[in-house]
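Look at TrEMBL and you will find 27-467 tagged as domain 'Major facilitator superfamily (MFS) profile'. Residues or ranges marked as region 'Disordered' by TrEMBL: 489-510. Annotation comment: TrEMBL describes 21-40, 71-96, 105-125, 131-153, 165-189, 195-216, 279-299, 319-339, 346-369, 375-392, 413-434, 440-463 as transmembrane segment.
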Amino acid sequence: MENKETGTPPLIPSREGGLQLTLLLTTLSSAFGSAFQYGYNIAVVNTVFKSFYNETYFERHATFMDEKLMLPLWSCTVSMFPLGGLLGSLIVGLLVDRCGRKGTLLINNIFAIIPAILMGVSKVAKAFELIMFSRVVLGVCAGISYSALPMYLGELAPKNLRGMLGTMTEVFVIFGVFLAQIFSLQAILGNPAGWPVLLALTGVPALLQLLSLPFFPESPRYSLIQKGDEATARQALRRLRGHADLEAELEDMRAEARAEHAEGHLSVLRLCALRSLRYQLLSIIVLMAGQQLSGINAINYYADTIYTSAGVEASDSQYVTVGAGMVNIVMTVISAVLVERLGRRPLLLAGYGICGSACLVLTAVILFQNRVPELSYLGIICVFAYIVGHSIGPSPVPSVVRTEIFLQSSRRAAFMVDGAVHWFTNFIVGFLFPSIQEAIGAYSFIIFAGICLLTAIYIYLVIPETKGKTFVEINRIFAKKNGVEIPEEKKEETIAAGPPVPSPAKETSF
């Protein structure tokens with residue numbers, strides 16, 4: 001049971017077994033696996049891959065690639081991943097509806113294991129095309145995991161742990177990035193002999209999930225609200241909570257089912273047209289766009305240059321990058337703990353405030369460090385400060401909020417929009433930032449600071465605190481913002497209604 005709304009909810013569920021084990025294995029094997037392939041140290045692997053592309057081209061044509069061919073080929077390789085992620089985000093709605101949350105995660109392992117094998121043999125096969133194709137497929141895997149995993153964990157969690165579970169997804173993603181950075185060091189696997197093994201390791205977490213996830217329950221909310229199977233939902237809750245008194249949580253699911261029963265499952269087009277979901281939809285678009293456009297890719301791009309200007313040897317900058325990864329992990333774990341104590345809004349506002357301030361100071365550092373060399377040390381502090389800010393709010397918290405502000409019927413379509421915005425903005429930043437950086441240099445960070453400010457203003461004015469509230473309660477808060485009324489249910493109707501009958505979804509995902 002939760003405390004009063006104004007108090008701090010308990011951080012320990014009624015049972016210390018099922019929920020934590022489900023969290024550990026599903027998050028580790030899915031989020032960890034889908035993060036691994038793009039978390040390697042960019043500076044090291046870029047050199048290795050370009051050498052492989054050049055050697056392969058020479059064996060085929062007896063001449064090396066010129067820069068006019070290498071640049072578009074490499075840009076295509078890099079951009080394949082977010083494009084695959086966009087495709088995955090567009091099909092995830094159909095999968096989670098037809099196959100369930102757990103079934104979707106199981107099917108998704110195909111998109112991790114096959115490309116892992118292809119990339120592992122690409123050097124022996126002397127075919128860099130296998131890497132390009134594999135990055136598309138791995139992008140699909142990441143796009144599906146990015147939506148299906150938080151949806152699954154958010155629906156498994158009791159409301160007093162929903163925030164912590166949502167942010168723990170990001171914790172394991174960051175941990176996957178960190179571990180890949182370590183493996184990609186030149187002394188380990190970031191070398192011509194070891195990179196096929198580095199890339200093939202992306203299939204190991206997927207194999208772990210394929211073997212373990214069938215033993216865990218399907219989302220109780222999916223079973224009861226969408227399938228109308230209360231017996232299965234009750235059995236899953238008993239495994240997850242470990243106590244007999246499940247009626248309060250089951251009644252909450254019944255109330256949510258009745259609140260949306262007349263609407264059925266919403267398509268993306270209906271979701272965009274509904275006035276009652278206007279601010280929810282706008283909120284996830286702002287949160288996802290703000291997350292990607294707030295400058296995190298620019299910080300990563302400039303990091304090595306900033307480290308070198310501060311006197312760090314080029315060969316040692318990879319180790320500073322690993323140190324930044326450790327800071328990222330620690331702050332994301334702290335965010336996972338604080339999200340149920342302080343709430344979602346304070347972490348988002350504080351995070352964007354720190355990121356915006358770091359961008360402004362970093363602009364001054366880059367502009368004046370040639371005149372004042374000591375400023376280069378302040379540049380390193382700004383990089384780490386930005387990582388701290390992004391890790392406590394903009395990076396992990398949106399995964400929690402996007403699950404909480406939609407009911408079951410609209411969550412599928414909402415996650416499709418959410419994922420599409422995430423991967424499209426990711427692609428746009430990766431594609432356009434080098435050109436922007438070349439045109440305006442350090443002044444690009446002023447743009448990112450402005451985006452941080454605008455996103456923080458929107459969060460302050462529109463997004464309510466969702467800590468400790470049920471999905472129906474959050475829906476009522478947004479109903480007032482949207483200018484619509486949701487009639488209160490009478491208690492006697494709640495008792496007599498019984499389990500809902502799922503309404504057939506007559507529309508496609510779009």
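The backbone N, Cα and C atoms fix where each Cβ goes, glycine too.
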Any contact, the transmembrane segment (413-434) to the transmembrane segment (71-96), with at least 3 Cβ pairs under 8 A: yes
Recorded stretches the transmembrane segment (165-189) and the transmembrane segment (131-153) touching, at least 3 CB pairs under 8 Å: yes
Long-range environment of the transmembrane segment (375-392) - Cβ separation under 8 angstroms, sequence gap at least 6: 174, 294-296, 299, 302-303, 306-307, 309-311, 320, 324, 327-328, 331-332, 334-335, 338, 347, 350-355, 357-359, 361-362, 364-366, 368-369
The transmembrane segment (279-299) in contact with the transmembrane segment (71-96), cutoff 8 A, at least 3 CB pairs, sep 6+: no
Residues of the parent chain within Cβ reach of the transmembrane segment (105-125), under 8 Å, 6 or more residues beyond its termini: 26, 30, 33-34, 37, 52, 88, 95, 99, 131, 133-135, 137-138, 140-141, 144-145, 148-149, 152, 195-197, 199-207, 209-210, 213-214
Taken over the domain 'Major facilitator superfamily (MFS) profile' (27-467), the model's mean pLDDT: 84
